[in-house]
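Just below is one structure, and these are the notes that go with it.
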Amino acid sequence: MRSLTNIYVFTCAFIFTLWNNIQPTVEDEFIANYSSSLLTNVPKNVPVHTQVLDLSHNRISALNISEFFYLSDLQVLNLSHNLIRMLDLRDFIFNENLEYLDLSHNNISEVCCLTLAYLRHLDLSFNMFTALPICQEFGNMFRLEYLGLSAMMIRRSDFRYIKHLQLHTVFLTLENFSLYDPQSLTVLNTRNLHITFAANQNFSFPLLYDGMSTSENLKVVNLRYTLSYKDFPSPPLTLLKKIKTTALMLDAVDLQWAIILQIFLFIRVSPVQRLTVRNLTFWGPLEELTEYAFQPLLSSVEQFISLDGSMKALTLEHVRNKIYYFDQEILYRQFSEMNIASLTIYDAYMPHMLCPNRTSSFQYLNFSHNALTDELFKNCGTLMDLKLLILQKNKFESLPKVSFMTSRMKSLKYLDMSNNLLRHDGADVQCQWAESLSELDLASNQLGDAVFECLPVNVKKLSLQNNQISNVPRGVAELKSLEELNLASNRLADLPGCSGFTLLQFLNVEMNSILTPSADFFQSCPRVRELQAGHNPFKCSCELQDFVRLERGKLSGWPAAYVCEYPEGLRGTELKDFHLSPLACNTTLLLVTALLLTLVLVAVVAFLCIYLDVPWYVRMTWQWTQTKRRAWHDAPGEQGTALRFHAFISYSERDSLWVKNELIPNLEKGEGCVELCQHERNFIPGKSIVENIINCIEKSYKSIFVLSPNFVQSEWCHYELYFAHHKLFSENSNSLILILLEPIPPYIIPARYHKLKALMAKRTYLEWPKERSKRALFWANLRAAISINLPISSEANE
């Protein structure tokens, strides 16, 4: 049961996937893409207004008119890489707007023709035709520009129906090729001819020679010849005057070196200007080649000695040889002595190249991706016209040696030495570059800071990307003409200055170790118009924010390439989203603000001190402390001060008459023995007033304060109130008695008497009554407030 369930689930999933695959990928309402959808038939749900229909890479084996007749707007139809066996162009009779039809890479062997008047591109290449499928109706397709064909044979009459058409490109695929009638291709009238021959057959070289007489641009793929070079059919030099090709490309070439030389010699005296050979494999003897092998060709060339060679450029790419032991000088000499302007030998494992024996016409040399070393062109003085030299991806190690290699190249302007093993330790080794050198690429080497001691003085564009440079030394390099400098992917911790690069306009320092760029960079480099500094581990700070804000317009790659790396809390934040307040970033403003706040705080504290008489309180506290300390030293054995008086009287001298005539007599002479402490009677001569006040308060159970406007004006009364209040809190006792002799308006109480204000607001006080009838109650309340049994001291006994 479980297995049936699994099968059902799998079937549903497969059907769902297949349904999704056959749904068109609609880029817009006019394009339907059914490519790689496992289709066996043209889908019936193609939108009616489709203009571009892609049915490539499916399994469609047959076509029908009913599948296309309703697509009247169809312009492009791609049916390549299917299994179609038979083509009937009448299936497209209703598609009058069809311009592009690709049926390549199918199994078509038969065609039923029809004139498709608007067709511009028809590709029937890589099919299974025996003969070229060129119908008479093709001759009426006057708009046709591209024609792709395939066949196993080519006869002279095959192209008779289209010889009048002005074609742009003809593409021929010749699989299992068996027959070619000479000069058949010459009937064609096309600008570009592309021939792909069978990869496993010996090439039919008349195709090459006739192709060169047919089109301006010729490309031939799969040139293979396994027979001896002695059996090779020499090119007919009688065709030289008929050759139209100026650009020839040979791809996938596998020939003996002798045959290659014959082809090169033929091309050399032909009108071909640019020859490109890709994926070249050569083999066979080099030392055995003699003039005899080329005698038929050389004797004919003498007839055309008046024809100067037209070749200007030779390109060899991806070259391999099957000759393991041979005199390499023979091969290198043949290349170095070529009288052409441009030579490229790319990816050939070439370890060396000889210096030309005479002044060379080379203006462009590209020996990239080889095995060349510092011995190349050593002491070579014949490359006087060389302007561009590309030597990237080789095995050069010494930068000074490279400089000496160029010193005699008087016209050299561009040198590419990237992706080598170049070093320079700066050990007093002088460098000598070509004075004409204006552009130098030293990227992806092993160069350090010392490289700036070995650079061409007239260089305008310099690339030192992906090296080991950590600093640009000041005063070492004087590159007064330098305009562009690339220092990306190095180890720089800061932006370099421009003291030696006064004309610098473009600087690239991407992917270094720059945390915070120097704020004065653009001041030292006023001509810099573009700075590429992204992808560095930026530390987002005030300095970085100022740098970005001032010079954002000159930063290339802004804002995506500029992201905070530090601090960790801001990692990943783009610099455009990073902001700090002006106060946090302006040190002067911050100091001024702090100073102003400090001054304001000091002013406020000073005002409060003056307003609340803080110095006075500090002084009183100090005197209280000193007095208590002296008392402790004078009587170290005593734990406290014995109480001698019921109350200490504090009053203004102006209120002394009331104290002496009313207060003292009524308390001391009435019922109960109340002993009062009065400064006139009980202050000890020789001691300070403050000390006497403190002693009297300490020896008194209560402190009576006679309050009046006069009391407020008395400084000594304030002292006495302060010390009494201090005792109140230090001993946690209820020792204060306030007598209001006369009303005190609040406005006359000084600000420093805040304790008096607090006492009058929070504590109950006795008010002296003006009516005599109420005074008895006043005295009774006062006695009750101070009533206490005092201990009998030794002084009292005396």
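From the backbone N, Cα and C atoms, a Cβ is placed for every residue, glycine too.
The Cβ of CYS431 (disulfide bond) lies under 8 Å from the Cβ of LEU399, PRO400, SER403, PHE404, GLU453, CYS454, LEU455, each of these being in the same chain and 6 or more residues away along the sequence. Annotation comment: TrEMBL describes CYS431-CYS454 as disulfide bond.
Confidence across the domain 'TIR' (643-786), taken as the mean pLDDT and rounded to a whole number, stands at 80. Taken from TrEMBL, the feature domain 'TIR' covers 643-786.
According to TrEMBL, the feature signal peptide maps to 1-27.
Per TrEMBL, transmembrane segment is recorded for 589-612.
DSSP assignment over the domain 'TIR' (643-786) gives 81 helix, 23 strand, 40 coil. The number of other Cβ atoms within 10 Å of the Cβ belonging to CYS454 (disulfide bond), over all protein chains shown, comes to 22.
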